[in-house]
């Protein structure tokens, strides 16, 4: 018996729930691209990206998804054959590295595990070995949506500094910006990038890159540029140059509204909301885990991200569980991917998510666990409620 | 600390959550009212109302809210000075009766209580006294959103029959149609009416009346008609006569889409969904009630409606509770009204509501009870989940 | 060959083109009706209606179309058997009168013609005959969309004053408010009413009534009241009383946005825009008329309204012309109704209409006249352009 | 005096008017990207692109604007240092060539003029000189929105064949696909590309590339690939690979609806509609040109495109004219760009445009010419109407 017909939520790690107001902002005729209000919107968005990334650097808007931003970061700053060091902690830094390989870079992976964050000490050790400074760039994700890990970007910066290494420090914040603190300038990040469809609550199709002065310097001699990604062209005087062609107007209208919503709530409050909802989720998972069949994907508590919780389920029909929450209850939760494929679920708590959505989602999961006889400890939702009653 | 920013729900007994598709159906230009697709939409809606009311009778669409339908039912069938018998079980039948009084009818109330349904035996007794058959019409609501009561319309019909009374039997299904069984013809209802904004999942602004043959007969001699409500005019050959003027096009586009959604799900399944979600709510309330400060408004379990649960809260700050669920959690629950004003909450589970919304709402309430130290038994959400795990 | 696929316009005298922003305003979830932002919206709308009607009187919002407002005006102010004098100049004042008849009023028509406005002298003469002051109310429309006439409301007031007659002066501004000057207080109008779907650029489903002090006084003894229309109830302290039941929220969101658009443009500028576009239309019609087969419906130039131009076409296939402009060109123009049915077209230039829409519409009509060999003078669009080149 | 407040049109050569239904298709929640209805939408779009391009080849969807598609075409098929021959006839082929230069290609321009199409004979002559077959690819646009030229793609293919040259033949159809015939396979085009925001009636942000077998072959040895553009990756088995990352869902929903609209009308009928509206525009411009101050940008009549008419205005204030049509009349027309910057206007008649929009636009322009005393022949709109009366 389906109890699905109601407002459905999408609790997957991207794309996320788009606020009604953001959808509404897209529902309008196209406008001129050479003059008029679109120009002001561009200025607003480019400036707001600085506020989001917490940088005085330059910011760029791409009509592209996050993979497009990966290319943009690499092609604008590196030279064919440059070595890049990819810090593994899931799937996405590896994917970024592979993109570099296709572009002609020399890719080295600092091996890591899916169940913990990148170890600063290992990074420092590797960099110290690189006495010739062959490594031109270090690539890491702040949050990996496949593993659910959170990496300590500030600590990794300290490791780089401790090694005295000059490589560009590049951070993918696709699954974290707008969900948790990120301090591009304070943490010494040279290139940061993100996408529209996760913490930023927009439809997918836009991505964003921020570049600090060291990246700007590297750009001067980069030889992998393509026209579409090229920062130099995008700094030109014409409005269309900002987008290297026709601006993706409707997505920009949406992005503008989403930015306004974020700033109205206040970035710090947004982060705090995510922190509380994530911890409530972890309290529930901890209860469910008491029976032995359910586990946190990330073994180190401090490395569990505030945007997505990845949960391994060793017994029971995971596909049936996801189907149950969706078809019977009305909420779509993520399946695990990559090396965890088919072995668990991903509960996203990123972007436009409030307490009632989260508690409903946890309840739908716990209901499904019971219904489908998947071994689990009872009381997950109760624990989440108890936590929030204390924390809010 | 607010955890509100996400999809908000409106769990009040009307207006209810409007499906995205229904909103989208309204978002279009106006169309011609004399020809073209609007005419087919009118036919579809009028025919579909028969399916909803389960009648072979005539159905009418009013650009008006439910109070407008009240007038339409009375003015089309009664004569100035006619006696109407109003069956009290909350607030809304009384309101309907008052409307009759303004129109010039002679209003008699069969007193009832807010905590139980209308007693068929008392109705029968009263009707038997009316040997002169002065009572021209009997007015009752299937569900009263103020008290939360459900009245047994079929049983009341039997009482009328047992008394051998010829009065018109009129039922307000504003808070029940599309949520639970209603069988106009099978139950011998002469006039039924409803509104767009509750079980029918539409914006407010439309109401609907169905009339059986006995009502049609009474219409011939009715003398309270107004042009706007008059059935005779609305049966005229011109399209605009169906609406006595300009059709409320956008609301009709919405209504059509909502009807399609209801029929796609299947009316019986819609009723069953409501039954399960309502019972889950009652399981939660039953747990909360264990501590003595919280009570069902309706004392008789069978008379608790499947569209709204009214809960009395004798200790604690009810206003703060409603504020908490809304401002902190993101869900608006109803306050009690009328004689219960300020003394409890109303949890609507009507219309476009699924399991995840309901469970989230119950969790938000239980969280609020804890946070605000309102005495209550723990485990409400757990009980709701346990019930649903069995029932779905 | 159809050239229809593009933005279609609806150049009929209601419903009219709804601005994108107004549609967008409706595309949002329902909200609570007891508290929160809806209350402020109600205040804004009720106050704004005073600005629109130019009155210090009371204003009421009905979830109903214009016919509902007709009833509201009559039922709130008159007594069963009261005589009303209906000033004929087309179809709609007669319809209003018929509504009064159904409600139990004694209807007298001051006969008029479809090709000219109401003659103040004849009104004065009739009123002077009514020495017993049996006439309780005088009903007139400012613009009749069937005939296209504009009545001089101020001049008719003077006629009433000249006769020293105390009857209530009631004006239907459904097809004129927001299109041309209307000065309720300055012109001594006691009751004015309008609808949402013409000059006010909203979807149909709302109507509005304004009442001056004399109407308020009459209300005290009126005996035709119905609950739904009753002003006394609607002046009650509760928010829902303003609507006698559930507020039609989405239509109110739309109405609010439309009001803002009107005030942003400036009411006087809105009127002036209508005046220029109407005159441009008349210049085109005058050219088309040179060949003898096409005529203005209204013989007196000063009585041709600024919201709709009704054009008689004595030769040729009128249905084919309307079909051509719609199916081939993409613009729907109105057919004539009532006694002119099938004999011409109605070109609306009311509400959300700009120069490019109007010129395109005139061109589509002139193209159709040529294509279908309907006798007409050439150069209509040219004349419209020449006029506007001078006038703007 | 502004007569602007009404439905505004955007008659610029991209982005164009987005149909209401296409906007509505975007107004919905995000959906899962790994399973469910999005996968079917992808299949539909990829297959439909074959119908649009008229090819049996492979088609790709990019979350990018047309400049992104330029890169994709080049990077997937060419090697660093390859020579490309750019056929000048306006601005955009040059821009595409410059993109190739940034990517590391050796760019040669076959000079052309802004007032005529590429000369097949000159192409043939140049190719015959290239006995070593150093030219790896030939780049041309079917329509250049800066100059307004239409190039005869089939004739140019014949020139290539006559020269017996093996270069890849690449055609940019950004400003032509969906507006006029394009036959990728029949005309021997190896790579074709387009964008969403012109003839395809969608918001900007998507672009599309089609590749024939010869391009597939070249792809095997191409060495300019980037991850984001790489066809090999995009042919992978996973759904997300089709987009190299997160699919731009809302734009896809829009694109799907637009495709349906195109196929419902019928591609050939869409082309015919464009042909008639374009010719009507030219008839108007021809009249305006009689006075000597106004000229077609393209001297050869057969090379004037059916999607945009570029008009040189040698006397008078062009900026004031564009401002007049926009601010006073409500229609935005394009300004000229590139070497024609400030010297004229661009009237787009591409995409979602019907007769009434076009005639209104021409009338607004003619009105502006008169108002601003820009020398011109009268009777442009009349000529357009006369033409259409014959042609439809």
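Each Cβ is built from the backbone N, Cα and C atoms, and glycine gets one as well.
Annotations in TrEMBL come from automatic prediction, not curation.
Look at residue A:346 (substrate binding site): DSSP puts it in a strand. TrEMBL lists A:346 with the feature substrate binding site.
Sequence annotations record features per position, and here TrEMBL assigns domain 'Aminotransferase class V' to A:74-327.
Other C-beta atoms found within 10 angstroms of the C-beta of residue A:198 (N6-(pyridoxal phosphate)lysine) number 30, with every protein chain shown included. Annotation comment: TrEMBL describes A:198 as N6-(pyridoxal phosphate)lysine.
Here the domain 'Aminotransferase class V' (A:74-327) has a mean pLDDT of 97 out of 100. The Cβ of residue A:346 (substrate binding site) lies under 8 Å from the Cβ of A:12, A:13, A:145, A:148, A:308, A:309, A:310, A:311, A:333, A:334, A:335, A:336, A:337, each on the same chain and at least six residues away in sequence. Taken residue by residue with DSSP, residue A:198 (N6-(pyridoxal phosphate)lysine) is part of neither helix nor strand, so it is coil.
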